[in-house]
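Novice: Questions regarding the structure given below will be posed in turn.
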Amino acid sequence: MEVKTSLLDNMIGVGDMVLLEPLTEDSFIENLRNRFDHNEIYTYIGSVVISMNPYRSLPIFTPEKVEEYRNRNFYELSPHIYALADEAYRSLRDQDKDQCILITGESGAGKTEASKLVMSYVAAVCGKGQEVNKVKEQLLQSNPVLEAFGNAKTVRNDNSSRFGKYMDIEFDFKGDPVGGVISNYLLEKSRVVKQPRGERNFHIFYQLLSGASDDTLRKLKLDRDFSKYNYLSLDSANVNGLDDAANFRTVRNAMQIVGFMEDEVQSVLELVAAVLKLGNIEFKPESRSNGYDESRVKDKNDLKEMCELLGIEQSVLERAFSYRTVEAKLEKVSTTLNVSQAYYARDALAKNLYSRLFSWLVTRINESIKAQSKTRHKVMGVLDIYGFEIFEDNSFEQFIINYCNEKLQQIFIELTLREEQEEYIREDIEWTNIEYFNNAVICDLIENNQNGILAMLDEECLRPGTVTDITFLDKLNTVCAEHQHFESRLSKNSKFLTDHSLPHSCFRIQHYAGKVLYRVEGFMDKNNDLLYRDLSQAMYKANHKLIKQLFPEGNPAKVNLKRPPTAGFQFKHSVGTLMRNLQTKNPNYIRCVKPNDKKAPRIFTDSLVRHQVAYLGLMENVRVRRAGYAYRQAYEPCLERYKMLCKQTWPHWKGPTREGVEVLMADLQVSTEEFAYGNSKIFIRNPRTLFSLEEKRRGCLENLAALIQKIYRGWKCRTHFLLLKRSQVVVAAWYRRYAQQKKYTQIKSATIMVQSYSRGWKARKILRELKHQKRCEEAATTIAAYWHGTQARVELRRLKYVAASTRAVALIWAYWQGTKARRELRRLKEEARNKHAVSVIWAGWQGTKARRELKRLKKEARRRHAVAVIWAYWLGLKVRREYRKFFRANAGRKIYSFIMQRLMQKYFLGLKRDLPSMSPIGGSWPTRPYRFLDTAHTELRSIFHHWRCKKYRSRFTDERKAVFEEKLQASEIFKDKKALYPSSVGQPFRGDYLEISKNPKYQKLSSAMDEKVLLADMVNKINRANGKGTARIFLLTKNNFVLADQKTGQVKASVPLPDLASISVSTQNDGFFALKLKEGSAGATKGDFLLSSEHLIEIITKLRRTGATAVNHNHLDIDISDEFLVQFKQDKVCVKFVQGAPKNGNGASCKRKNNRLLEVSVPSTA
């Protein structure tokens, strides 16, 4: 049987405040304290969850806890935020009801963490898959980005949200997330220019300076020192537990996951840097001749750097800080700004720049996380917004925030009562009207279109003449003096004239959560939120692409003389839209409470919690919930829980569950006034009745536990006895077996020993017999051996005698033959000596004759040489004597000239003999013989190379020359820039690869072409939606390029070449290229073309050559980069090339990553 659990089991204090008895504010606070001390941070008020911030990590948010609360009834387990998230998700998934989760509480109460827990739980329990996981990751990673730009350190919270956030998460019919939409409310932009003591500016400023690389800071013209920036407070720049550098890396990674492109991230950081630079701009007064003061920038260095970041002319922005132009109909009046006005303009620009950047970030995130399909989706909204704020000094921001909380309280009461009434009607229970405080009168005081505070504030802001905060207060005193919830010391109501707790410059409103005193100082300026038109126009003139989007009103062509809507009007409109949105959804509430102001664990401050309980209206919530029936439960779990209290229902009830409950309640004699029977539930009016049932159940469970223990102990003893009995039998059997085995072993050992002795005696007997037989055989063998030896020796002696006689004859013959041989040898040697002597004598004589002849010849040669030398000297002497008169003045120069001419003649003749081949690619060249010919040698080599190249070119036909010109232009474009280029060098450019004029398949397409087709090839057109390619025929003529259908030959697009702005390709070994069209051209309505081809080099080369002719010799721009933008209709998509492994043996593949990113995976080359 499945064990059923309940909220009432093992309950610390009271888990549901509806059951608290007695219900007082003290008992309410004490119950919260009791549960907080036992680490029970969640408590229910019906379906509302109260969340206490523990200020430490608790082991209650693990994956095991997620599985524990998954698909469980709301009241089945102890209170937890996962129970509410699961109830909302299952209602959305199974009942098709749109849900919203409203999270409220003051700063530091844990609202942001609560929203993260809700989103992480929904992400954990919904479906899985690549696309689903991607959507979930984008939704979760949007939080770090918004926290960096919208959160700041305050005295109450180190990570306080300074804006309201409402996120609609969209789900498909299976309950899987498919996208989301984020709305932001009332960013505290005044924090940009001024922070209270002990607080910081927004996190992103500190994260950028701490975590960005030195190169990034150098590009942004920033320094890591916080003290160099006036907009950054120094007393709380470093916060314990916050690692700004690590958080900056987290934000960069989150922006990449969400879908921000690198240029967008850089643009955002440039604007953040510009805000910091803007705060350093200071002004000095300068008197004019007319007596008026005007302002001038003190140090223009920060102004210059800011203008360089934003691409604004320095003089334009400097003038905007010094002058203000007011336009009225057709007149323009320019006035100077004094120093205080210049500082106001500077701070207004900084606040507007940052707030508009934040709004742009929200819009950009929405573009990435929005659902792709346009069908209706189920929606779960999560609202994380300020709680009710009561400070010592309350201003316009607190007034707006408290107005929003009044509206949320109003809708909470309405929806809670409506939910109660619907349940009573559904269960056929009589509905009784519930008395409660309706705060509609307070909402009307604030938002009434005629006499509301916001309406009067807007009226004062628009009224001509002198308008101040005091005039606004005077108007409030006149109009709202008789209102029961409005108090002012200067009003006509005399009872507040002597109220010294109410200053003259303040007014007080009695909200549902208590009275709040508002100081009117700054109401007018903050509501106006005025940015001078000169600054808007200066911003619009910036070259920074993001600035133009943030300041559209600065466009001179769209000047609007209307005053922009006030901050109060905009927020009122946003709150109205939010309320209408929430009323269409089923609400779920999380009320966050901060236990102490020290941000420390295990500390519970009664006064602080009591204050929050009051302004969150928690006691009012409990009273509304308890106005009818305090507790209700379905019949089946009720009968399952209390059936042991009645003998008729225990242990099993056979009939319908409602009848079983009726029998149970009748047997327990519970008063009929204390409960009522609904169609599917029993309703209990008083918590005392429920606690009485629980007390009886607890006593019955003790009796049942004793009975179960008795039966269990008896069973355990019987089981133990039977186990001992079986063990004794087993032990006896094993012992008998052991004894018999031991006896058998002894008998076996004795038998083996007897057998061994017997076998040994037999063996020794046989051995003796064998030895005697062997000795007899050995004796006979010895006698036979001696006999044979005697016979052998006799025969040996006989043979030796015969051999001796034969050897003597042989020796005598051998000696005789030796004597004869020696005599013949001596005779031959004597004859040889005589012949050698004759040869030696003859050789000596011939040598003597040769030496004599050699001496004679040498003497004659010396004599002839001496004659020749003497003759040469004589001739030289004669020549010198003859020509001495001609050589006396310039003999050296002429001799030098003669020698040089001879050397040059010799050099040129040698060069003629050793000329290299006529091939233009030949690299050989004869070496120079003399160093002084170095320059001439190099120049002659160059002249020869140019001459043989000219000879080589003269043999070209016009067609071949055009091919080589295209190859040369391809080399200029792609060499050392595109990895695909080397493989295309050896491939000739054919142009018409489809033979379109000859192929009958393309006859219709060929006839449609009015011009000669220069190139025809098959390409793939990339689809933005999925990254897949569609086959198209690409045709290039003299004035157009055409894309046609592969099968039908129908022309899909025909674009004039003058409309082609540029071409983008990657640096890698792929065939993808983008044809970018000029903005405003007829062909640009559908956007650019992203194509891929196997002949990319040839296509782009011919496009550039043909395009240059078509646009009057202006070359097309070729952008070679691994990341470029392509315009698809109204959206820009980034095409990014990455290295990757080939899929299914294919080459480069394209895949859509998100709405703004197509990723091309190119196989890496080994």
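Positions of Cβ are set from backbone N, Cα and C atoms, glycine also.
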Novice: Can you say which of 207-229, 575-597, 966-988, 1127-1149 is given as region 'Actin-binding' in TrEMBL?
Specialist: 575-597
Novice: Cβ-Cβ under 8 Å from Gly110 (ATP binding site), same chain, 6 or more residues apart: which ones?
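Specialist: Set apart from Gly110 (ATP binding site) by at least 6 residues yet with Cβ under 8 Å, we have Ser51, Asn53, Cys592, Lys594.
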Novice: Can you list, in sequence order, the residues of the same chain other than Gly105, Glu106, Ser107, Gly108, Ala109, Gly110, Lys111, Thr112 whose CB lies within 8 Å of the CB centroid of the ATP site?
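Specialist: Output for this site, in sequence order: Asn53, Asn157, Ser160, Gly387, Cys592, Lys594.
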Novice: Across the whole of the region 'Actin-binding' (575-597), what does the mean pLDDT come to? Round it, please.
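Specialist: 86, rounded to a whole number.
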Novice: Counting other CB atoms within 10 A of each CB, which of the binding-site residues Lys111, Thr112 comes out lowest?
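Specialist: It is Thr112 that, of the binding-site residues Lys111, Thr112, has the fewest other Cβ atoms within 10 Å.
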Novice: Near Ser107 (ATP binding site), which residues of its own chain have a C-beta under 8 A away, given they sit six or more steps off in sequence?
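Specialist: Counting only residues 6 or more apart in sequence, the Cβ neighbours of Ser107 (ATP binding site) under 8 Å are Thr154, Arg156, Asn157, Ser160, Ser161, Tyr386, Gly387, Glu389.
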Novice: Would you pick out, from the binding-site residues Gly105, Gly108, the residue whose Cβ has the largest number of other Cβ atoms within 10 Å?
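Specialist: For the binding-site residues Gly105, Gly108, the Cβ with the most other Cβ atoms within 10 Å is Gly105.
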Novice: Check each residue in the chain of Ala109 (ATP binding site) that is at least six apart in sequence and keep those whose C-beta is under 8 Å from its C-beta; list them in sequence order.
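Specialist: Once residues fewer than 6 apart are set aside, Ala109 (ATP binding site) is near Ser51, Asn53, Gly387, Cys592, Val593, Lys594, Gln612.
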Novice: Are there any residues in the same chain, six or more apart in sequence, whose C-beta is under 8 angstroms from the C-beta of Glu106 (ATP binding site), and if so which?
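Specialist: When sequence neighbours closer than 6 are ignored, Glu106 (ATP binding site) has Arg156, Tyr386, Gly387, Phe388, Glu389, Cys592, Lys594, Gln612 within Cβ distance under 8 Å.
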